[in-house]
Amino acid sequence: MSFLRFVGTILFLVAIFAASNAQLSATFYDSTCPNVTSIVRGVMDQRQRTDARAGAKIIRLHFHDCFVNGCDGSILLDTDGTQTEKDAAPNVGAGGFDIVDDIKTALENVCPGVVSCADILALASEIGVALAGGPSWQVLFGRRDSLTANRSGANSDIPSPFETLAVMTPQFTNKGMDLTDLVALSGAHTFGRARCGTFEQRLFNFSGSGNPDPTVDATFLQTLQGICPQGGNNGNTFTNLDISTPNDFDNDYFTNLQNNQGLLQTDQELFSTSGSATIAIVNRYAGSQTQFFDDFVSSMIKLGNISPLTGTNGEIRTDCKRVN
């Protein structure tokens, strides 16, 4: 091989490597789909008017997507056999897929084959938070969609509502997230709802003790036992994750934890785990909504940067439920 041909080959490989490792950018769609934000906001605004849980549903999908093989839209796939992430234990009953489909349809009508499903989740999450009174941030784009899903990864990598802090912590650190990220992102439970099945193990026979979880406030416990009676048909019964301002994105979630009124075990663990560094973070956010919002924005950007497919990797799905 001649020297010039060798150099040409090296330059070609460098170009391919650069393309496959492209960085996310706020201006990624400026020329190919300049109205992407307004289109997504229009759909989210309409859906949130009729479903107060819309923003919470989407941000949950984004979080659960990014924690499995990175932010690649894999959670949205309807795949064959055992690989669908939708049927993994942490995703059973998850909502918001229809909202994603509506957004994708609206975008395909204007910018066909341009905006990825993974980017839709990132942008719709920011818009959903802002519409509920939370902070706004500049969303970075350029993610591409996976060709496969990973059910086993969803079952192992996504925290369940029943985890202790000791179990949750490595699930976050393995993704490059620290305790501040864990607490800040848990603050997304300041809006949305949860089924009885995600917390009723705390109400009557916690950890096989025959008694309720001792970290649940007594009055709150009575309320929850009334909503989810022992032995009742509670499968489709929901209650608010935040008992004080259930549809608003604010810092009341952290005040609730201080009052032992966190709904999920994973919520209350942040404040009730003796000696944990998370206690000080909860106290800080309870005392300053601004601090919570600032850290939440940083953690959401960090979340959205977990191992995205970029450049020539993956594809831009025309239907978020299936590969092209």
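The first residue you see is number 1, and the count goes up from there.
Using N, Cα and C of the backbone, Cβ positions are placed for all residues, glycine too.
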(request) Quick one: which of Cys71, Cys111, Cys117 does TrEMBL link to Cys320 by a disulfide? (result) Cys117
(request) Could you tell me which of Cys66, Cys71, Cys111 is bonded to Cys33 by a disulfide, according to TrEMBL? (result) Cys111
(request) Please name the cysteine among Cys71, Cys196 that TrEMBL pairs with Cys228 through a disulfide bond. (result) Cys196
(request) Please report how many Å separate the Cα atom of Pro159 (substrate binding site) from that of Asp250 (Ca(2+) 2 binding site), as a whole number. (result) 23
(request) May I ask which residues of the same chain, at least 6 positions away in sequence, place their Cβ under 8 angstroms from the Cβ of His189 (heme b binding site)? (result) Leu241, Asp242, Tyr253, Leu263, Leu264, Asp267
(message) Residues other than Asp65, Val68, Gly70, Asp72, Ser74, Glu85 within 8 Å, Cβ to Cβ centroid, of the Ca(2+) 1 site?
(response) His64, Cys66, Phe67, Asn69, Cys71, Gly73, Ile75, Ser146, Ala149, Asn150, Gly153, Ala154
(request) Would you list the other residues of this chain near Ca(2+) 2 - those whose C-beta lies within 8 angstroms of the C-beta centroid of Thr190, Asp242, Thr245, Asp250 - in sequence order? (result) Phe191, Ser244, Pro246, Asn247, Asp248, Phe249, Asn251, Asp252, Tyr253
(request) Just jot down the residues in the same chain as Asp72 (Ca(2+) 1 binding site), at least 6 apart in sequence, with C-beta under 8 A of its C-beta; none if empty. (result) Asp65, Ala118, Arg143, Arg144, Asp145, Ser146, Ser307, Pro308, Leu309, Gly314
